[in-house]
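The structure under discussion appears below in the form of structure tokens.
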Amino acid sequence: MELVPSAPLSSGPLQSPLLDGVDYAATEYMLGIDEAGRGPVLGPLVYGCAFCPVSQEPRLRKMGFMDSKVLTEEKRDALWAAMQDRGTNGFLGWDIAVISAEEISKQMLSTNRRSLNALSFDAAIGLIRAVLERGVHVTQVFVDTVGDAAVYQERLERLFPQCAITVAPKADSKYPIVSAASICAKVPRDELTRAWQFVEAGGSLDRAYGSGYPADEETKAWLARSCDPVFGLPRFARFSWSTTQQLLKERAVAVAWPDDEEGGPSQSKMGAYFHKPGDKRATTARHRLFKRSKLHLVKELR
């Protein structure tokens, strides 16, 4: 699948090309959004977006779009291939946003922590904006809910007042356009997960990681095998999941990051750095490396 990268990447879009000679601004379009990979402890979270003329919704139904999770892998692959056939199915466009496990870990464990729901909401907003910025006249938006559907819908309505917004649970089984978006998310994510290129250990890590879900015994065994006591786990794992945190606690070397007490022997007080002109300039204790090496200051350049 050339349209989906098989290497680690941060959040980024993948888009179907718009067709030449089509006036996307003159036709009313509907747009659907769905996700794949929310629960796994391994791999990326992928958001899929599909859009087509409102008048073409019956055509979507005839193509067989329904919730991707109840379709066979062969059927999902066939529908994904059909979506990429711009000659036959050019009426149907798509966008994809990939949020890598590394990006999820960084965002959820940073000083200003962000929840997975917040990341998902941003991904959905980004996909809608990306389609609108390409000049597509979107009038209807259907989204599979994350969290409280009413709150989610109200926020989207504030951001996109020109669109009729519908946020609903199980939207992928109710609206064909969301079902198409589900295919856009599910198939590329499966391909990304299967073909992941490990940068750790020279790429020699095995791929017997099962479904990637925390309860999967094969996944748990792979995590245990892949856990280095010093370097931890590959970036393919989500470090913000309790599964990985507990594993690192049990198998990895503990690291202490002590904070120096203010006014301790190795540092000046914070107040010393705020001085008036003419006051004695704040100084800090010299690093022990200089003392051990018997290095002395000869001249200070100003």
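Note that Cβ sites are derived from N, Cα and C of the backbone, with glycine treated the same way.
TrEMBL entries are annotated by machine, without manual review.
Record features, source TrEMBL:
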- 28-253: domain 'RNase H type-2' (DOMAIN)
- Asp34, Glu35, Asp144: divalent metal cation binding site (BINDING)
- 258-280: region 'Disordered' (REGION)
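DSSP classifies Asp34 (divalent metal cation binding site) as strand under the three-state reduction.
Each of the binding-site residues Asp34, Glu35, Asp144 was scored by the other Cβ atoms within 10 Å of its Cβ; the lowest score goes to Glu35. Summed and averaged per residue, pLDDT over the domain 'RNase H type-2' (28-253) gives 93. For the recorded divalent metal cation site, residues Asp34, Glu35, Asp144 set the reference point as the centre of their Cβ atoms, and the other residues of that chain within 8 Å of it by Cβ are Ile33, Ala36, Tyr47, Gly48, Val143, Val146, Ala171, Asp172, Val178, Ala181, Ser182, Ala185.
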